[in-house]
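Notes for the one structure printed next.
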Amino acid sequence: RAAAMADTAAPPPPAAPAPGLPAAPGTNPLSRKLNKILETRLDNDKEMLEALKALSTFFVENSLRTRRNLRGDIERRSLAINEEFVHIFKQVKEELESINEDVQAMSSCCEDMSSRLKAAKEQTQDLIVKTTKLQAENQRLEMKAQVADAFIAKFQLTPDEMNLLRGTKDEPITEDFFKALGRVKQIHDDVKILLRTNQQRAGLEIMEQMALLQETSYERLYRWTQNECRTLTQESCDISPVLAQAMEALQDRPVLYKYTLDEFGTARRSAVVRGFIDALTRGGLGGTPRPIEMHSHDPLRYVGDMLAWLHQATASEKEHLEAMLKLVTIQGVEENIQEVVGHITEGVCRPLKVRIEQVIVAEPGAVLLYKISNLLKFYHHTISGIVGNSAATLLTTIEEMHLLSKKIFFNSLSLHASKLMDKVELPPPDLGPSSALNQTLNLLREVLASHDSSVIPLDARQADFVQVLSCVLDPLLQMCTMSASNLGTADMATFMVNSLYMMKTTLALFEFTDKRLEMLQFQIEAHLDTLINEQASYVLTRAGLSYIYNALQQHKPEQGPLSNLSSMDSVSLKVAMAQFDRYLSAPDSLLMSQLNFLLSATVKEQIIKQSTELVCRAYSELYAAVMDPSNEYKDPETILHRSPHQVQALLS
């Protein structure tokens, strides 16, 4: 392109047109070149632009000379460049020839080595075959060794594990022992897989070996556990975690498990008996608490302290057993605990029974006997709630003492009642309760109060209440009836009301007495009716209406007018009404003296009110008879100048 540009840069002079002819624009070379140059789009011709840039590096002076020599300069530069390329490619050729020589040498060396290797391979073929066989045999033996190691690891114990299981008698049991024992059990179970394969002989031998090892291990474990249980003879004992693990392991051997529990129960039984005797006679460490025997003068506290100690001991022994058997998973663990607790507590039954019998037989009094009976019942219920009915001997002893105290208590009440009947007192002058009644009610109040505060079950308390009330109230009622049998009607009714009222107020403070209160209320109302009638008769007699009212009651219509009777004439009625008016002016003046002896003001008011109603009813009947024309009273208003309503208003 530079050369082409050189051609256009210095064009030859155009030929002159023929004279007389104009030059054709299409045939003029200069015009064509100019047009071609003018039509060239340098912006889109990258090669042209690159050529111009290269030209600008050596075409520095734009003169006529340089333009004319531009073609030669470009050709000379092109020649120099080509010569430089030839020189460089010559060096490359020489290097390639050197490399080719090296490659040829390497090829010859490789061919030589291949020949030598081929010869060596032919010579060592047998050795390679033998080596391959030996390598395969080695891999097979290594696999067998791995299988053997895995078999031994799965179906055999390590020497350390064997030493743990076969340790000496004096060597202690540790947690590692139970891990080894668990390993033996696992091997014994896993070896059953071999019995289903071609390795039955090995399986049987391993199973027999593990079975013998298990028996040896369990025997050693049982001896150690037995010795541990024999050392638990202190009043308070700590159950070690290893002992709990030992019981968990021994559960697979029911006989050894049972023997161990028996050994524990025997050791703890002697500890509990010794602790109970020490609590009775020596007290606690340093004298605190004091010996229980020091309170033998207080029967209730004496019995209560013994039972409280046993209750605490029973609960503690159950906790010890629960701690020892907490890991045992076989059925019947709770029954085992209850059975052993029953065996442990059986030893204290004899000393407990002797001491409680001494207290009961000494008859400290009905109230104390009843409190002791309730105390025994409460602890029977409480201890049975802890250990169920398994501690049969202890619970039976407590129940026997409860029944004995209850029997002597009711014997005491019966003796007291028989004494009441043997010597019946006369009612006091004020017709109040007799001293025997007051004493008996005080006794009953103390008994019921102690019963009310007891914590025995509700149904048992209700049954005892009924029996106590029957044993005391029935003789009391009979005594009061016999005591009042020689009194007059009003005196007897007053005495009985006061006595029954005292009984009722005593029972009203306690539960389960509703039926008895209802019965006493019926009897009180019966005697109240007597007093009401007596008070009404007393008023009618003192007010002058008794005889008139009786005549009115006995009169019949066929006897003629009422005014014809001698005691029912107008004059007699006016005299009686004058006396009745004096009563109306001061109704309180006509009260029986017995009413002032009543203990209850409410009862007294009730008697006065209802007796007044009877008086008003009698006056109403008399008023109706006098106002009746058939009785032929003249001016009846002058005889009875007050209507029944007026009389009722005055008396109310």
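Glycine is treated like the rest: Cβ placed from N, Cα and C.
Check TrEMBL against the ranges 1-30, 31-60, 241-270 and you find region 'Disordered' recorded for 1-30. On the 0 to 100 pLDDT scale, the model's mean across the domain 'Conserved oligomeric complex COG6 N-terminal' (55-167) is 82.
Within the domain 'Conserved oligomeric complex COG6 N-terminal' (55-167), the DSSP-based counts of helix, strand and coil residues read 99 helix, 0 strand, 14 coil.
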